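TrEMBL has this to say about the protein:
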type: TRANSMEM; residues: B:28-49; note: transmembrane segment
type: TRANSMEM; residues: B:61-80; note: transmembrane segment
type: TRANSMEM; residues: B:87-106; note: transmembrane segment
type: TRANSMEM; residues: B:112-132; note: transmembrane segment
type: TRANSMEM; residues: B:139-162; note: transmembrane segment
type: TRANSMEM; residues: B:182-204; note: transmembrane segment
type: TRANSMEM; residues: B:224-241; note: transmembrane segment
type: TRANSMEM; residues: B:247-265; note: transmembrane segment
type: TRANSMEM; residues: B:295-319; note: transmembrane segment
type: TRANSMEM; residues: B:375-395; note: transmembrane segment
Amino acid sequence: MTEEIILDVQNVTKQFPGITALSNVSIQFKRGEIHGLCGENGAGKSTLMKILAGVYPYGTYDGSVFYEGQELKLTSNSIKEARAEGIAIVYQELTLVPDMTVGENIFLGKEITENGVINWDKTYAECRKILEHYKLDVNPNDVVKHLGVGKMQMVEIAKALSENAKVLILDEPTSALTEAEIDKLMEILESLQEKGITSIYISHKLEEFFRITDSITVLRDGKTVITAPTKELSLEKLVSYMVGREMKERFPHSTRKPNGTIFEVQNLHAIDPEEPSREILKGVTFDLKRGEILGIAGLMGSGRTELVTTIFGEMGKITSGKMLLEGKEINIKSAKDAMEKGISLVPEDRKKQGLVLIQSILNNLSLPNLYSFSKTWRIDKNQELKSCLQQVKNLSIKISNIENEVNSLSGGNQQKVVIGKWLMTIPKILIMDDPTRGVDVGAKYEIYKLMNELAEKGVSIIMISSELEEVLGMSDRVMVMHEGRSNGILDITEATQEKIMALATGIA
Amino acid sequence: MESTSVVTSKGTTNAVGKWFRRNLQTSMIIIMMIVIWIFFSILTKGAFIGSQNISNLFRQMTVTSILAVGMVLVIVTGGIDLAVGKFAGFVSVIVAFLQAFVWYKLIPDQPLLAATLSVIAGLSVGILVGMLEGYIVSYLGVPAFITTLGFQWIWNGAILLVTGGRTIPANQPYFSYIAQGYLPLWLGWVVAAVVIAALFYTMFNSRAQKRRYGFATNKLSLDMAKTIALSLVILFYVYMVNQYNGVQVPVLLMVIVAFIMAYLGTNTPFGRHAYALGGNMEAARLSGINIKRNVFLIFVLMGLLCGVAGIVLASYVGYGTISAGGGYELDAIASCILGGTSPLGGSGTVFGAIIGSLIMASLTNGLQLLNVTPAWQYIVKGAILVGAVYIDVYFKKNR
């Protein structure tokens with residue numbers, strides 16, 4: 001690896017009305033390195049990336065960016081310019097067209113044409129070349145929507161690389177990937193490194209930095225805190241740089257004592273009502289104690305989300321088995337039914353399922369609770385505002401005005417709004433589907449603390465998580481799912497990562 | 001849009017500026033309306049702003065406005081209703097048919113009862129058909145665009161069946177009063193006084209409520225200024241129309257309908273659920289909202305409003321004709337979009353739709369006063385619709 005600087009960010013300051021997103025940020029990226037960029041949500045990572053990718057063109061920020069020794073002056077139509085220069089970005093939300101093939105997607109916007117007509121043979125041949133060159137195991141003729149998330153990510157990378165990118169920016173590439181897919185991604189990044197491509201790697205999963213990066217930069221409140229070679233850092237140091245204080249433990253301590261069964265699921269089978277031949281649950285049995293946090297682990301596609309949405313009355317059609325709440329058999333047909341019985345669900349995807357992004361924080365918090373603020377059919381808006389402000393305070397959600405769009409909040413605070421709206425329904429059982437996905441370390445800790453407090457108050461929590469450390473750190477017991485079945489329940493005292501993985505992959 | 005901001009404002013000008021930025025879209029469209037009015041007033045040497053013309057202008061906009069007010073909620077939930085124009089037309093010929101051929105046989109010499117029964121019949125048809133359309137869209141899952149396009153053709157045929165191609169009169173005095181009547185001058189002032197009293201009562205009551213909940217209230221001077229300004233607008237309007245014939249009955253009807261719909265949209269769970277499901281259907285569903293029922297009820301409401309519009313239409317023209325209501329659905333949709341309703345669903349206000357339809361009516365009226373030919377009227381209206389939405393897009397992008 002050479003010590004040549006390919007991308008040099010010097011004293012960049014970016015201001016938005018009322019807020020300084022970046023202040024005097026300087027980072028040097030070396031050619032061929034994998035450079036980790038971390039920081040809590042709102043630290044300025046996204047803003048910096050948007051400057052590099054040309055979303056915010058030259059002149060809208062102060063300071064300068066040098067690329068291969070030349071000052072980068074991207075003009076207003078600059079996303080395309082940045083790509084042409086060789087800076088490509090792979091966004092957190094995949095930007096592929098689901099109904100098009102891999103080849104069509106990769107050449108979208110730069111179709112290979114002859115006399116204005118697309119030459120498909122050449123397109124697919126070129127596509128195959130690119131995929132082989134970077135050792136990406138994808139078929140150019142496959143339709144993207146039939147691929148798994150991991151392969152979609154590869155296509156996304158191939159698309160970025162197809163323009164001879166020299167710098168590849170990856171914004172939380174692993175947030176939706178399974179362990180195996182993450183391994184594959186790491187391999188790909190290493191092979192890109194051998195070809196001299198610089199990767200800027202943004203993630204909330206700090207362990208990944210130590211697996212893959214050569215150096216790490218930490219941003220906090222729009223400022224660079226440190227840039228250091230990875231080998232000089234540790235997980236603890238990284239976390240303390242990010243939050244600006246020592247963080248002794250990642251999971252807060254709890255004194256809860258679960259007792260008495262509140263909810264039981266017995267041999268639950270369910271099918272997909274849209275596609276009746278597909279069985280989504282093939283026998284799930286578990287019980288939930290009052291004041292307990294029950295973790296649900298399992299690989300993507302193991303039926304975790306299907307299980308909880310079926311319990312919530314919004315997905316599968318139950319074909320056999322039963323559910324008992326406080327000893328009585330219950331039948332839930334819709335989210336409304338579930339809420340009336342005291343079951344709430346914090347859904348997996350806060351943007352798609354949790355929030356109405358164009359509405360205010362206030363409206364989002366009150367959405368499931370409007371009837372409780374209403375006398376007869378009229379909403380008492382003062383009561384609504386009062387309850388919601390109280391909830392904002394209880395969960396210490398950082399807002400400037402409750403009337404602002406919920407979209408203006410950082411990921412962690414958005415997640416708190418989703419949790420908050422459900423807590424206002426005063427549930428007996430709170431189901432949380434990946435509650436800390438895409439949330440920064442500090443906010444994660446606060447969500448964990450909140451979960452402990454709820455459990456101590458006697459609320460029973462079912463928590464799905466993709467992170468094994470989280471499952472082990474937070475649960476009283478862990479249920480592991482495999483191919484639509486409950487494949488075993490481990491007490492936390494006996495649970496280990498190895499045991500969980502063995503159950504999740506079906507070896508045990 | 002009503003705002004319950006907890007931040008107290010420093011000064012009146014500051015607060016006005018803040019309101020302006022927060023309600024950019026509403027402000028823009030009000031400014032646009034004023035510009036159009038000034039423009040026409042100058043070109044027509046004041047005839048546009050004369051009391052007779054103002055009185056006619058507001059009367060002309062009522063049918064479209066009533067449809068637009070219902071259309072807002074339909075579009076907010078992510079739907080569209082292409083049948084409203086012809087449906088209102090169908091109601092108008094049904095009502096005319098009943099009056100011309102049915103009531104005089106069944107209940108001769110009872111004009112008031114006949115008019116009442118006509119209204120009830122019109123509203124019933126509206127609700128029943130609304131239920132049918134709502135059922136097809138929401139429970140059978142046929143897209144609203146297709147369902148209502150189909151119904152538009154169905155009404156075309158049904159109108160021909162009912163009229164047999166003829167024009168049916170609907171001009172009994174009681175019935176005509178609905179869209180052609182005027183309140184006596186003194187009653188106009190009484191209505192104005194009652195409304196103004198209600199405004200002040202609501203203002204003080206809302207301040208008291210806020211204090212009871214421990215919220216900071218706006219400065220009294222600011223709230224007073226707002227209420228007084230609104231009162232002056234009302235007084236000025238009544239003064240203007242009283243110079244001519246008095247407060248127009250259909251305009252009063254339209255204001256009541258708009259008020260009820262605006263209240264329904266922002267102050268009831270039903271209305272708020274509609275906005276939520278238009279903004280993000282999945283999130284709304286998981287929040288325990290019964291989406292199908294909500295969409296169904298929106299169509300029932302839309303049907304009811306088509307009934308109201310059809311009755312006003314029949315009374316306004318005095319006839320049921322085969323061309324009744326043609327193209328009104330597009331006027332209604334344009335009014336909503338002009339008034340800031342997002343075509344993608346999730347946002348839009350009744351107030352905006354009313355101003356939007358006032359702009360459309362002003363354009364038609366002003367261009368007619370200027371003796372612009374219908375061909376150019378269409379071209380100008382089309383250009384202004386696209387231009388206005390572009391200005392809005394531009395400001396949103398460069399905010």
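Glycine is no exception: its Cβ is also placed from the backbone N, Cα and C atoms.
Under the criterion of 3 or more C-beta pairs below 8 Å, with sequence separation of 6 or more, the transmembrane segment (B:375-395) and the transmembrane segment (B:61-80) do not qualify as touching, having fewer than 3 such pairs. Remote same-chain partners of the transmembrane segment (B:295-319), defined as residues 6 or more beyond its termini with a Cβ less than 8 Å from a stretch Cβ, comprise 59, 62-63, 66-67, 69-71, 73-74, 77, 79, 81, 84, 87-96, 118-119, 122-131, 133-135, 137-139, 167-171, 175-180, 250, 253, 257, 261, 264, 270, 274, 277, 325, 328. Taking every recorded stretch in B:61-80, B:87-106, B:139-162, B:247-265 and counting its Cβ pairs under 8 Å to the transmembrane segment (B:112-132), the highest total belongs to B:87-106. Between the transmembrane segment (B:247-265) and the transmembrane segment (B:61-80) there are at least 3 Cβ pairs closer than 8 Å, counting only pairs 6 or more residues apart in sequence, which means the two stretches are in contact. Only residues 6 or more beyond the boundaries of the transmembrane segment (B:182-204), in the same chain, are considered here, and those with a CB under 8 A from a CB of the stretch are 223-224, 226-227, 230-231, 234-235, 238, 241-242, 245-249, 252.
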